[in-house]
Amino acid sequence: MEAVPIQSENFKLGFIGAGNMAESIARGVVQSGVLPPQRISTAIHSNPSRGTAFQSLGISVYSHNTDVVDASDVIIFSVKPQVVKNVILQLRPLLSKKKLLVSIAAGVKLKDLEEWAGHDRFIRVMPNTPSAVGMGASVMSLGGAATEQDGELVGKLFGAVGKTWKADEKLFDAVTGLSGSGPAYIYLAIEALADGGVAAGLPRELALGLASQTVLGAAAMAVQSGKHPGQLKDDVTSPGGTTIAGIHELEKNGFRGTLMNAVVAAAKRSQELSKN
């Protein structure tokens, strides 16, 4: 059976799994106007508070995953990686090629997802936690039967919670090491900058506020200015000034190499986990 085009003006979206990431995506989709809440659904099995979170957005909440599948044209599997196989196998009889399937389960490969579902109209997406505040970085890879139109539709959904890129699935371990794990590296950097501010005499609250806003502003400059990060660094580094003194300390202690090694180590661990 050929994949039936999803009508972007009236398709319905379902979430299998109602955790924090699913809520973030649903909230972004509704608040950005990509979809009205009446065309979105999920199912709640045990935790009533999760149902309340979705219902507060106007989203339909069912008791069974089968109801979500029946009601949806696009289905996002947002369950934990260790249970996604059983969930898909249970729903397989309902997962026709008319439905576009999407997985955000970390480390679970397209070939396995397609085998469990019985077809390859599948798209795998790797979002990250800043999606919760609409500043996510999501990378997607299309399965064999997923069309370019399918990719554009999914890109629009995840674009409601940040920026999206398309990449070959073989790069997903590296994506995990950079954007998947990267927020934790930046939180550590913010904490360290704040500690440095305290050591230099700042009150803790002021130090943390300045550190967080400095990272936010620097990231915005990197995204919006069109300049290479090295040029932006040079722009604030005066000869014999304070900034070059600080950068000298970072370079002496292997700052760049340490960050590079962190990304490579996380990517390697992702590769090990996906093999298991």
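Glycine is treated like the rest: Cβ placed from N, Cα and C.
The shown structure was predicted, so the numbers you read here are calculated from the model rather than taken from an experiment.
Per TrEMBL, these features apply:
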- Ile16, Gly17, Ala18, Gly19, Asn20, Met21: NADP(+) binding site (BINDING)
- Asn65: NADPH binding site (BINDING)
- 12-107: domain 'Pyrroline-5-carboxylate reductase catalytic N-terminal' (DOMAIN)
- 169-273: domain 'Pyrroline-5-carboxylate reductase dimerisation' (DOMAIN)
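Annotation: Gly17 carries the greatest number of neighbouring Cβ atoms among the binding-site residues Gly17, Gly19 [cut-off 10 Å, Cβ to Cβ]. Closest by Cα distance to Asn65 (NADPH binding site), from the binding-site residues Ile16, Gly19, Asn20, Met21, is Ile16. Listed binding-site residues: Asn20, Asn65; maximum Cβ neighbour count within 10 Å falls on Asn65. Mean pLDDT for the domain 'Pyrroline-5-carboxylate reductase dimerisation' (169-273) in the predicted structure: 97.
If you take the C-beta of Met21 (NADP(+) binding site) and look for same-chain residues 6 or more apart in sequence within under 8 angstroms, you find Ser78, Ile104, Pro127, Thr129, Ser131, Ala132.
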